Amino acid sequence: MFARQSLRFAQPLKQGFRKYSTEAPSKGKSSLAPIYVAVGLTGLGVGLYRYNSASAEAPPAERPKVFTGGDQGWVDLKLAQIENLSPNTKRLRFEFPDKEAVSGLHVASALLTKFKPHGAEKPVIRPYTPVSDEEQPGYLDLVVKVYPNGPMSEHLHSMNVDQRLEFKGPIPKYPWEANKHKHICLIAGGTGITPMYQLARKIFKDPEDQTKVTLVFGNVREEDILLKKELQELENTYPRRFRAFYVLDHPPKEWTGGKGYITKELLKTVLPEPKEENIKIFVCGPPGMYKSISGPKVSPKDQGELTGILAELGYSKDQVFKF
């Protein structure tokens, strides 16, 4: 059984135990360390879920791709739109030179961004994960949260429309195929929601993919919850297959969700048991969260040993992927 914590925060976590409910009609086939959200994730951004179907002129597979990887080099894109989402978060839309082109990204993958500060000897390079649809022609969206002393996030927040930024990619993370796993669990902290949402959106867009998804999302404050509207839409549309649980370090008085940290007790309650077949747990967040939940990665190509809460609960290294 899986606990349900309402995205509308109307139901306390302790009262929320039940099985997946009947799914609503689809709208289209289309330890215990605190989660220090402000630390360590200066290189991540998140794109808004604003899928627009590709026009009839050419299917996505036949459209030109902006990012082709390999020895392509850096691609210069113009900032076309800025939307203030909160005092510390902006949505930035970067246009492609060819309005019919798609990004060329796949799930799950990211892009590198680069700029050179005035007077600096070396450029600043950071990875960002767009979550705008991979088949969206003409542009990509990032949602960027600014962090103190985070040179790339500070630069992006200082940009004006018509200024340009260099991108390179795609950088592969975890290749996804429909029904690759029966049930996946996404444990995210702060802007670590980025690749998680990219993956969830891909799953629920594909009518052939019947994967179940459980999200555990930790933040400092309620206003820090990125993509809350988009996550709520997924849960309302696919209640049999998508569940989201929220935990806040500093919740408001009226908060009815999880409080404090992502704990062993919470994960034991909401995650499938380690003995279940074909499950996968994904982790993405700041260093304190990795240390508590799964242990850190050694490098982009070395997942490192599985430690922390997930190891204590009996999950194996093969059942966990660290973004």
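Residue numbering: from 1, along the chain as shown.
Placement of Cβ uses the backbone N, Cα and C atoms for every residue, glycine included.
Sequence-distant neighbours of Leu215 (FAD binding site) (same chain, six or more apart, CB under 8 Å from its CB) are Cys185, Leu186, Ala188, Met196, Ala200, Leu231, Phe242, Arg243, Ala244, Phe245, listed in sequence order. Per Swiss-Prot, FAD binding site is recorded for 180-215.
Confidence over the domain 'FAD-binding FR-type' (72-177), given as mean pLDDT on the 0 to 100 scale, stands at 95. Residues or ranges marked as domain 'FAD-binding FR-type' by Swiss-Prot: 72-177.
The annotation transmembrane segment is assigned in Swiss-Prot to 32-48.
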Study note, to complete from the structure: Comparing local Cβ density (other Cβ atoms within 10 Å) for the binding-site residues Lys180, Lys205 points to Lys205
Study note, to complete from the structure: Of the binding-site residues listed (Gly190, Pro195), the greatest number of other CB atoms within 10 A surrounds the CB of Gly190
Practice item. Please report the number of other Cβ atoms within 10 Å of the Cβ of Gln210 (FAD binding site). Key: 12
Practice item. Check Gly190 (FAD binding site) against DSSP and tell me helix, strand or coil, would you? Key: helix
**Study point:** Local Cβ density at Cys185 (FAD binding site) - other Cβ atoms counted within 10 Å
**Key:** 25
